[in-house]
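What follows is a single structure, written as structure tokens, with notes after it.
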Amino acid sequence: MEGVAPAVALQGQAIRPAPGSKAKATSWRGNSLGRQKPEPVNSGQAMITKRSPTRDQDSGQPQQVAVASHQSGTINGLAKGKATPTATEVHSGSSAPDTQAAQGPQKRTRHTAQSLRTGSKGVYTEDSIRVYLQEIGRIRLLRPDEEIELARKIADLLYLEQEAETYFHENERYPSMSEWAEQVAMPYRSFKRRLKLGRRAKEKMVQSNLRLVVSIAKKYMNRGLSFQDLIQEGSLGLVRAAEKFDHEKGYKFSTYATWWIRQAITRAIADQSRTIRLPVHLYETISRIKKSTKTLSQELGRKPTEEEIAERMEMTIEKLRFIAKSAQLPISLETPIGKEEDSRLGDFIESGTENPDQDVAKNLLREDLESVLATLNPRERDVLRLRYGLDDGRMKTLEDIGQIFEVTRERIRQIEARALRKLRHPNRNGVLKEYIK
């Protein structure tokens with residue numbers, strides 16, 4: 001069948017249709033809504049541009065959107081197991097209106113990290129992991145001189161974003177692109193070019209070191225988080241490292257980024273791997289205890305005792321037991337029990353709570369008892385409360401009550417006897433007899 005599919009021009013190169021085909025040479029372009037549609041182009045065109053309906057408010061010139069290289073789309077969509085999408089790069093500024101171009105620098109700072117988390121709510125498959133690893137494996141590693149150059153541009157980007165934050169604190173809103181350029185005392189076009197270079201440098205620095213994230217994430221597998229989540233959290237640490245890296249100290253970026261990646265992964269494990277979250281310092285102590293236990297087992301050739309572990313950790317046995325108990329993972333009451341799995345763990349655990357009927361009966365008894373005691377005079381009522389522990393559950397002797405009221409033990413006995421005789425009257429005890437049955 002002739003002309004089944006049009007020839008597609010990606011990355012600015014038009015592909016001629018086969019001889020005899022009715023297809024037209026087409027190019028995929030990104031419109032302002034993020035959709036893509038084929039449009040005819042001239043063969044041999046070096047760069048495919050499209051006028052955006054959004055215009056720059058300052059210059060009045062239409063913006064141009066160009067199809068970017070394969071690498072700029074490496075991260076987006078890989079977590080979902082899709083083929084690598086074609087990303088778009090703005091050639092003459094942001095495609096958003098001028099008043100929102102600088103809102104805010106923090107959103108642009110987190111752009112790469114959010115891309116890395118794409119599909120985190122979806123279902124991961126082995127295919128998606130394999131595709132992701134293949135894609136990042138194609139990205140060339142940076143040379144030392146390239147790292148230094150990118151670090152300088154990133155530092156310049158952070159300066160620009162800091163100026164936007166300063167404007168926000170002074171005016172309680174983020175600046176437009178023109179206001180942002182005025183804030184840093186730069187011509188508008190020079191500012192936009194400088195901002196674009198900084199953002200591209202940051203993206204390239206992160207993409208070129210994604211393999212480092214994977215290598216570190218592998219060391220933390222089977223600790224409560226999936227491999228995909230470990231990669232995502234480590235990538236956030238990588239973004240942070242790109243922002244904090246100081247090339248003037250003489251260290252390689254990978255050496256510096258390793259600490260941030262490891263810190264992001266371990267913090268995520270501590271915060272997200274357990275149903276009941278433990279404090280980070282306690283989680284770190286548990287990790288040290290496990291490491292010390294393993295070391296002692298190798299040294300002694302047997303399982304170490306609690307005393308030996310506590311001595312190695314320089315803590316008391318009571319604290320060691322408390323930490324060990326805190327480290328236990330919770331078990332669901334719905335866990336199946338038995339070969340048939342027709343029973344649940346919750347069926348065999350005695351409930352420590354009172355029966356709802358008993359709880360209601362206790363409340364009714366207290367209300368009726370209070371109403372009966374209210375018919376006595378204050379001293380008789382107080383003596384009975386202290387004698388039988390109606391308030392705190394602790395019964396007091398006649399001697400103790402006498403000391404409270406500063407009377408003799410015999411006088412307290414007389415007051416108690418008189419109060420009990422009143423309570424035995426049918427008008428009073430009729431209500432309470434129902435609770436004795």
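Cβ atoms here come from the backbone N, Cα and C positions, even for glycine.
Note that TrEMBL annotation is computational and uncurated.
Annotation source TrEMBL lists DNA-binding region at 398-417. If you look up TrEMBL, you'll see 59-75, 85-103 marked as compositional bias 'Polar residues'. What TrEMBL lists as domain 'RNA polymerase sigma-70' is 229-242, 397-423. Positions annotated as region 'Disordered' by TrEMBL: 1-119. Annotated region 'Sigma-70 factor domain-2' per TrEMBL: 205-275, in sequence order. TrEMBL lists 372-425 with the feature region 'Sigma-70 factor domain-4'. Feature annotation from TrEMBL assigns motif 'Interaction with polymerase core subunit RpoC' to 229-232.
Confidence across the DNA-binding region (398-417), taken as the mean pLDDT and rounded to a whole number, stands at 92. The DSSP breakdown of the domain 'RNA polymerase sigma-70' (229-242) into helical (H, G, I), extended (E, B) and coil residues amounts to 14 helix, 0 strand, 0 coil.
Within the DNA-binding region (398-417), the DSSP-based counts of helix, strand and coil residues read 17 helix, 0 strand, 3 coil.
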